[in-house]
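Peer 1: Dropping a structure here in structure tokens format, bear with me for questions.
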Amino acid sequence: TPPWTKHLTMASSPSLFLLAVLLALVSWQATAYDPSPLQDFCVADMKSPVRVNGFPCKDPMAVNPEDFFNPAMLDQPRDTKNSKVGSNVTNINVINFPGLNTLGISLARIDYGPLGVNTPHIHPRATELLTVLEGTLYLGFVTSNPNRLFSRVVKKGDVFVFPKAMIHFQMNLAHDKPAAALSSLSSQNPGVISIANAVFGSNPPISDDVLATAFQVEKKLIDWLQSQFWENNHY
């Protein structure tokens, strides 16, 4: 073997390693969120028997302007009086707006009654960008371990971002008037897991032995919490 090939191999190893790292990063970025569409649009065919990760496409020749329109009336406040937590979330996602399929975006209007709370929850598939439409909110998110809290008070016109899959919340600080916000989410179907509902209201329930140990309380307190009606305020 010519002696110069040894030097070539040694010199090329760092380059190959760097190339491998770059390819891994590109691959990760490509699969991190909803996949990019491979055509102009893919209106969801909600009646199709085909099961895929997402929704199959409606025949493009059958698509019409109404598929890209939703009379959501997001300018109108929603009722919060019947909510135990004093909030009402109106979701606009691929489930009720098939034109969003494969586009990687959705929307939600959040209405808060006086002192109303959008309780701690996560969106497992999306980052959320919240704009305050009316009122003053206390909001924040908690990181993964060691669970650092980032929170602040925001007012009308302010914008706050909740990173993907972080536990987050909002509360209307006013005692006598409502508040409202509009959220954009980086997934056609971001999903939501309400923390209290998931922990104490799962079906079937999590063992009270597990929860009593996790929260370091007596089992009878866990049993009482599990007996409560855990409300879903995300409609």
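Note: Cβ is positioned from N, Cα and C throughout, glycine not excepted.
Owing to the predicted nature of the structure, the values given are computational and were not obtained by experimental measurement.
Straight out of TrEMBL:
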- 1-32: signal peptide (SIGNAL)
- C42-C57: disulfide bond (DISULFID)
- 71-223: domain 'Cupin type-1' (DOMAIN)
- N118, H123, E128: oxalate binding site (BINDING)
- H121, H123, E128, H168: Mn(2+) binding site (BINDING)
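Give me the lay of the land around each of these features.
Peer 2: C57 (disulfide bond) is surrounded by 20 other CB atoms, counting those within 10 A of its CB over all protein chains shown.
The average pLDDT computed over the domain 'Cupin type-1' (71-223) stands at 97.
Counting Cβ atoms from all protein chains shown, H168 (Mn(2+) binding site) has 22 others lying within 10 Å of its own Cβ.
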Peer 1: Counting Cβ atoms within 10 Å across all protein chains shown, which of the binding-site residues H121, H123 comes out on top?
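Peer 2: Result for the most crowded candidate: H123.
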Peer 1: Tell me, how many other CB atoms lie within 10 A of the CB of N118 (oxalate binding site), whichever protein chain they belong to?
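Peer 2: Result for N118 (oxalate binding site): 27 other Cβ atoms within 10 Å.
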Peer 1: Using the recorded Mn(2+) site (H121, H123, E128, H168) as reference, state which further residues of the same chain have their Cβ within 8 Å of the centre of those residues' Cβ atoms, listed in sequence order.
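Peer 2: Filtered neighbour residues, in order: I122, A126, F141, F162, M166, I167, P190, V192.
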Peer 1: Taking the centroid of the Cβ atoms of N118, H123, E128 (oxalate site), which other same-chain residues have Cβ within 8 Å of it?
Peer 2: A108, H121, I122, A126, L130, F162, H168, S183, L185, P190, V192
Peer 1: For C42 (disulfide bond), which residues of its chain lie six or more apart in sequence with Cβ-Cβ distance below 8 Å?
Peer 2: C57, K58, N101, T102
Peer 1: Sort out the sequence-distant neighbours of E128 (oxalate binding site) for me: same chain, 6+ apart, CB within less than 8 Å of its CB, listed by position.
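Peer 2: In sequence order, the residues whose Cβ lies under 8 Å from that of E128 (oxalate binding site) (at least 6 apart) are V161, F162, H168, S183, S184, L185, S186, P190.
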